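Have a look at the structure below, then the notes.
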Ligand code: HEM
């Protein structure tokens, strides 16, 4: 036993000496030995988990929205929206642009209260029939979502929230950032064309006019530039901008003169043939939600006056440059400004109502009171939705 102990001690001493020698002579393995003998360094900290979607209430100026509003009362709501938006995109790759724009028009006129969706009545012209709404499109997607939501969870999902959720999903499916909105908006009882005329900014506005328009909605210059980035997807009609950009100045106003000439010829050719052609707002990537719109503006290819001028005014130029250089910065700013926009003039709690159909206010008896708020055609008693020139009306007997 004693002998074994002596051999073991000698063995250990010899091994230690060998290792020391190896170290001194620069043996290539000495490093690994040192690692073995050293206390293992602490593992690098795991990367912080990405912040998940917010939960719980979102209190804003006394009104109450909740990130979990539909979790219990309509758990399939988000899946319905996702599915219907995907179907729309499969039909038309510009669908995200149409759907995002609907939300903007709803929020800027009387608040995000679904008033945009109400049809005109015999005595009242609604928002959607005002000139600035003429080129809005794909109301039928909202109706399809509403029908599916009503089938899954009757009477709880508001049209105002459908517009909000659809815009969020549209941005996502076009390649844009996730936008976390709280829900619980309720629907307006009225809709007025005059309000759309007053509140919707025109594509002919210069920066000062745009700033004032956004200020009236409680939005600032950062919101203006970030939200203008929505024009990274979609198109505009030639009739919308040709007068403003070419006829008034009398020459080619595009900083990229070749591009201006190209656009002008293209539009003129269409006009001659009696067609109002459509032009990409961001010629780089018309169906992709990215930051290329800002580079288009910098490169002198902004189509609308309101786009081009963002790179003319010293108050907006730095932001345009920043978003053009950094897509992450644009995405963050866009998501934040969308959250602000989504809270403009909302109805919550017991205000307004949750419409059963988005294009008509709830009613007990349409026929008894055809002139008040309802979509009632006195000539042929049918209900037509969505009663827009740009969509095919779907009519059913009332
Ligand atoms: C900054 C003020 C804004 C002005 C002056 C403006 C004006 C316009 C105009 C004139 C058009 C073309 C309409 C046509 O000819 O068909 C348009 C298209 C569009 N706007 Fe804006 N807009 C503004 C802000 C916004 C915001 C905040 C959003 C959404 C968050 C938005 C989303 C869109 C989209 C996606 C399109 C393309 C629609 C399509 O392809 O049919 N716009 N905008």
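Glycine is no exception: its Cβ is also placed from the backbone N, Cα and C atoms.
Curation plays no part in TrEMBL annotations; they are all automatic predictions.
Features reported for this protein in TrEMBL:
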- 105: active site, proton acceptor (ACT_SITE)
- 201: substrate binding site (BINDING)
- 231: heme b binding site (BINDING)
- 232, 282, 285, 290: Ca(2+) 2 binding site (BINDING)
- 74-153: disulfide bond (DISULFID)
- 107-112: disulfide bond (DISULFID)
- 159-358: disulfide bond (DISULFID)
- 238-267: disulfide bond (DISULFID)
- 64-362: domain 'Plant heme peroxidase family profile' (DOMAIN)
- 1-24: signal peptide (SIGNAL)
- 101: site 'Transition state stabilizer' (SITE)
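Across the structure, residue 282 (Ca(2+) 2 binding site) and the residue listed as 'heme b binding site' place their CA atoms 7 angstrom apart. Within the set of disulfide-bonded residues 238, 267, 358, the entry lying nearest in space to residue 112 (disulfide bond) is 358 (CA atoms). For the Ca(2+) 2 site, the Cβ centre of 232, 282, 285, 290 serves as reference, and the other residues of the chain with Cβ at most 8 Å from it are 233, 284, 286, 288, 289, 291, 292, 293, 296.
In the three-state DSSP reading, residue 358 (disulfide bond) counts as coil.
Listed in sequence order, the residues of the same chain lying 6 or more apart from residue 285 (Ca(2+) 2 binding site) and placing their CB within less than 8 Å of its CB are 232, 292.
With a CB cut-off of under 6 A applied against ligand 1, the recorded positions 74, 105, 201 are reduced to 201. For residue 159 (disulfide bond), the spatially nearest entry among the recorded positions 105, 201, 231 is 105, judged by CA separation. Counting every protein chain shown, 26 other Cβ atoms lie within 10 Å of the Cβ of residue 231 (heme b binding site).
Long-range neighbours of residue 107 (disulfide bond) (same chain, six or more residues apart, CB within less than 8 Å of its CB): 217, 341, 342, 344, 345. Other Cβ atoms within 10 Å of the Cβ of residue 153 (disulfide bond) number 17 in total over all chains. For the residue listed as 'heme b binding site', the nearest of the disulfide-bonded residues 238, 267, 358 in terms of C-alpha separation is 238. Separation of the C-alpha atoms of residue 290 (Ca(2+) 2 binding site) and residue 74 (disulfide bond): 32 Å, rounded to the nearest whole number.
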